[in-house]
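S.K.: Shown below is the structure under consideration.
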Amino acid sequence: MKSKLICIIMVIAFQAHFNMAVKADSVGEERLRNNIQAKRNPADLKTLPDSCEAKDFYKNFKILDMTKDKLGVTHYTLALSSDGYLTDNDEIKVHVTPDNKITFINGDLQQGQLRITNQIKITEKNAIEKAFEAIGQSEAHVKSYIGNPVKEKEIIINSRTKRLVYNIKLIFAEPEVASWIIQVDAETGAILKKQNMLSEVERADTHKDFQALGKGANRLLQRPLHVMKINDLFYLVDRTHKGLIRTFDLNHKTDASFGKVVSNKTNMFTDPEFSSAVDAHFYASEVYDYYKNVHQLESLDGKGGEIDSFVHYGLNCNNAFWDGREILYGDGDKKNFKPFSCAKTIVGHELTHAVIQYSAGLEYEGQSGALNESFADVFGYFIAPNHWLIGEDVCVRGLRDGRIRSIKDPDKYNQAAHMKDYESLPITEEGDWGGVHFNSGIPNKAAYNTITKLGKEKTEQLYFRALKYYLTKKAQFTDAKKALQQAAKDLYGEDASKKVAEAWEAVGVN
């Protein structure tokens with residue numbers, strides 16, 4: 001028999017009593033015969049249990065990506081499609097060992113049958129106009145730091161309504177920094193989804209690299225910096241990595257296009273006016289080095305992309321955030337918060353949002369959004385592991401401030417620490433997109449439990465492996481548990497996988 005891609009499709013029998021109790025589930029290798037031969041084809045979904053809808057509709061899936069890791073495991077990402085259009089459903093991932101055995105299948109296995117209920121009647125131009133109208137703006141009145149503010153405008157299927165939509169991504173810096181995802185019905189022009197995705201808390205060979213020193217918020221420390229000299233000025237531009245690291249001064253504006261690369265007449269950036277920029281520049285380099293040296297990830301996107309930091313955002317802004325392209329730091333109001341670039345955990349947290357964006361792409365709502373926040377917190381700890389707290393360095397009141405977060409004791413700082421405390425909040429800005437910050441305390445506590453059982457070094461490796469290869473964009477807490485178990489098994493064996501399971505079960509995730 002022939003398929004479009006590969007010949008010889010094998011149908012696999014499964015062990016009995018397989019439990020498909022949740023929508024997004026996974027299948028372990030113990031449920032697959034050891035002699036299965038991987039086909040690198042959606043037909044692999046025929047190996048699923050009869051209770052999985054994806055089994056009967058495997059022909060509706062398309063392979064989006066194929067990646068081989070350093071263990072030789074190949075990871076395939078599949079997405080549901082209909083009439084040539086992809087959906088916004090969760091992906092399905094199939095993981096194949098070097099000897100062509102399927103070791104793991106995960107994602108939303110209860111999907112497959114899809115019938116589009118509308119037609120395309122409005123133009124792309126009309127859809128973009130309606131997207132801007134939905135946020136009270138027009139394309140002519142927003143400014144983007146780089147290029148067109150319309151970054152994506154593809155037609156996909158909204159899985160909830162089964163309708164074709166223009167999926168439009170807007171990123172701009174003026175009149176305020178924003179990163180919107182807006183879905184416009186392709187027939188009626190109705191807005192089906194609207195969410196601001198901000199994640200809060202040219203080289204010239206003649207230009208030479210120079211060493212420099214600077215002082216950040218901690219005036220007692222001198223930080224070594226890499227800078228670039230052009231003519232008679234030294235700029236906070238680090239060219240010692242494959243990806244350029246640049247630090248800009250916004251001078252209290254909110255439009256990143258007004259940002260200027262921080263410069264000085266000497267290579268001593270020690271005056272107080274440079275402190276926020278020095279911290280941002282120094283810590284961005286340290287985060288780059290962490291991912292490069294510990295996880296072999298070249299910059300945040302894995303491709304040597306640039307890291308741009310903007311300091312002095314707005315006036316007394318109590319925030320720092322990744323906007324989908326760069327990181328922006330407020331100066332704090334000085335009463336409650338110091339400049340946000342002065343905390344290595346916060347810099348690590350925000351830049352990890354970029355790593356998440358370029359890997360699992362965890363959607364910023366509900367449990368997947370809480371996982372997004374949690375993984376950013378946990379890697380913030382991995383990057384600065386001297387304590388279990390995130391953000392205490394920017395709090396004027398230090399440990400007494402209730403707005404910091406603790407991986408060890410989330411409930412001490414107004415976060416849930418167990419599923420019994422989980423809050424199902426509205427998927428709105430007022431509801432914190434389903435309580436992503438409050439509920440992230442649950443996976444944070446699970447991470448703490450894992451670290452105490454396996455140690456930091458093993459835990460950071462399995463967390464990165466799960467993030468890069470196993471988590472899907474709509475992953476729930478149970479999916480994260482299983483993804484981390486599989487990553488632990490890959491790297492350290494069954495005993496480590498069991499300890500990961502225990503760590504999550506201790507917070508009520510079974």
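Keep in mind that glycine also has a Cβ here, set from the backbone N, Cα and C atoms.
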S.K.: Which one of GLU306, GLU373, GLU392 goes with HIS349, HIS353 at the Zn(2+) site, as Swiss-Prot has it?
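M.R.: Answer per Swiss-Prot: GLU373.
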S.K.: Using other CB atoms within 10 angstroms as the count, which residue among the recorded positions HIS349, HIS353, HIS437 scores least?
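M.R.: Comparing Cβ neighbours within 10 Å for the recorded positions HIS349, HIS353, HIS437, HIS437 has the fewest.
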S.K.: What is the interatomic distance between the Cα atoms of GLU373 (Zn(2+) binding site) and GLU350 (active site), given in whole Å?
M.R.: 9
S.K.: Using other CB atoms within 10 angstroms as the count, which residue among the recorded positions GLU350, GLU373 scores least?
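M.R.: If we count Cβ atoms within 10 Å for the recorded positions GLU350, GLU373, the smallest count is at GLU350.
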S.K.: Take the C-alpha atoms of HIS353 (Zn(2+) binding site) and HIS437 (active site, proton donor) and report the distance between them in angstrom, rounded.
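M.R.: HIS437 (active site, proton donor) has its Cα 14 Å from the Cα of HIS353 (Zn(2+) binding site).
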S.K.: Could you measure between HIS349 (Zn(2+) binding site) and HIS437 (active site, proton donor) for me? Cα positions, answer in whole angstrom.
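M.R.: It is 13 Å, counting Cα to Cα.
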S.K.: What does the structure give for the C-alpha distance between HIS437 (active site, proton donor) and GLU350 (active site)? Integer Å is fine.
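M.R.: Taking the Cα atoms only, HIS437 (active site, proton donor) lies 14 Å from GLU350 (active site).
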